[in-house]
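Per Swiss-Prot, the feature (6S)-5,6,7,8-tetrahydrofolate binding site maps to Ser110, Val111, Leu112, Pro113.
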Amino acid sequence: MRLVFAGTPEPALPSLQRLIDSDRHEVIAVMTRPDAVAGRRGRPSPSPVAQLAAAHGIPVLKPARPNSGEFVAELSALSPDCCAVVAYGALLGDALLAVPAHGWVNLHFSVLPAWRGAAPVQAALAAGDEVTGATTFQIERSLDSGPVYGVVTETIRPTDTAGDLLERLSVSGAGLLEATMDGIEDGTLTAVPQPPEGVSVAPKVTVDDARIRWELPAHVVDRRVRSVTPNPGAWTMIGDQRIKVGPVTVAGDGPKGLEPGEIRVDKKHIHVGTGSDAVLLGTVQPPGKKPMNAADWARGARLDENGWAR
């Protein structure tokens, strides 16, 4: 089939590469978000998807208004059979959805109807799910509610961060997306409506959402920190500094009797109290510095062992 691929960030790259390498499909164009300012230099930079497409000589479309009549006409002129979407980053209107004969097929990183929305991987980790996955489905106007073509599942490991889990899902999901395109082309695949039961939502994670709530039980703090690692990154205030915090370890044999947010420092460890057991900090990142071992930072900062994280 003649395909247009719509995507923007790194997790979309395995899917794009898989379709480029396919001997059954031709990626005739890539649709991605406009160049965004990135890095300290503040210069606009093409998205990862745009860079990969350009490396393969594939035309790159960067509409500022993808639902405008002008862009709908531009896409229609390409006569795509189907459009594949992985983390494009904008909602698509009816006129755009009507362009390809086989519609738009989205790869979503959850087992729908669970975790519809912008942050399904983060939501699954924060909730303590043991299994998640990826789903291909036909895009409709309502968010992530279209009929499903296929699903792959992935076991969530006890130490998974959002980055770890998304990396695995982006690879397994790429195979699912290619298989879905194959099935649509040869007519062997039919989309099945999502069940009305089991719907949950996963809105975009904000910086405020990533602030550690030390009053929560230790196992919940652990999950929530991993769910926002590496982005936007868990954080807390220690003194007057906002400190980013890497994954923590529940310390059942750690200091007892610490209040939520109370810090206990020794030569090799920093423990922080929660609503249950203490947790052991692994890495921290002070403002303007690189991540470092938490105990090393505490020594250099002369952190008061009776300090508080809040």
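Cβ coordinates are placed from backbone N, Cα and C, and glycine is handled just like the others.
Everything Swiss-Prot records as a feature, shown here on the structure.
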residue : record                                     : Cβ within 10 Å
Ser110  : (6S)-5,6,7,8-tetrahydrofolate binding site : 24
Val111  : (6S)-5,6,7,8-tetrahydrofolate binding site : 21
Leu112  : (6S)-5,6,7,8-tetrahydrofolate binding site : 25
Pro113  : (6S)-5,6,7,8-tetrahydrofolate binding site : 19
Remaining residues near the recorded (6S)-5,6,7,8-tetrahydrofolate site, that is with C-beta within 8 Å of the centroid of the site residues Ser110, Val111, Leu112, Pro113: His108, Ala114, Trp115, Arg116, Pro120, Gly133, Thr135, Asp144, Val151, Gln194, Gly198
